[in-house]
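Below is one structure, written out as structure tokens; the observations come after it.
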Amino acid sequence: MSGNELSTADACDQFSDKVQLVDPTIQWRWFGQKRAIRGFAATVRCLEDNSKVRATLEQPGNGRVLVVDGGGSFNCALVGDQLGQLCITNNWAGIIVYGCIRDANVLNAMDVGVLALGTNPRKSNRANRGDCQVPVTIGGREFLPDATWVTADGDGILLSTSAL
């Protein structure tokens, strides 16, 4: 993180009464060149269908973090290199996927920050199923669209009600 942005560890130390930690037993994997992301949450809830993820990333991100509740499924990928490029092009801070990604090698070369549970080369369905901008719960914590501030780095994912 840049000089004026707090790491999750420092945020926990300084704002312990104002932050919530997403379950640290979830073994998130980082993809992309960015190893820290922060911003207000935008949300998508979908199971094995990334239509709404694409539709959301096609819109201006305005520095938000897209939080995708894929139900923890490992059956297919919800994000790949094309959606990673949309994240960059449309000014999203990054993506958190409670599910899988694909095109890991390409994503790792991109100026993007993506957290996911793992990888799967199989693409998702595209039946336009899912919900956008709804509360989602991941790791015991609720992400509220445009109301939850997300700070994520190699130490974990923190939530707060205001920018840290």
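Every residue gets a Cβ built from N, Cα and C, even glycine.
A TrEMBL annotation is a machine prediction, not a hand-curated record.
According to TrEMBL, the protein has these features:
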BINDING   GLY80, ASP81, GLN82, LEU83, ARG102  substrate binding site
BINDING   ASP103  Mg(2+) binding site
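Feature map: annotations from TrEMBL on the structure.
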residue : record                 : contacts (Cβ under 8 Å, 6+ apart)
GLY80   : substrate binding site : ILE101, ARG102, ASP103, VAL106, LEU107, LYS123
ASP81   : substrate binding site : ASP103, VAL106, LEU107, MET110
GLN82   : substrate binding site : ASP103
LEU83   : substrate binding site : ASN50, VAL53, ARG54, LEU57, ILE95
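Close to the recorded substrate site, the chain also has ALA77, VAL79, GLY84, GLN85, ILE101, ASP103, VAL106, LEU107: residues not among GLY80, ASP81, GLN82, LEU83, ARG102 whose Cβ is within 8 Å of the site's Cβ mean position. Taken residue by residue with DSSP, GLY80 (substrate binding site) is part of neither helix nor strand, so it is coil.
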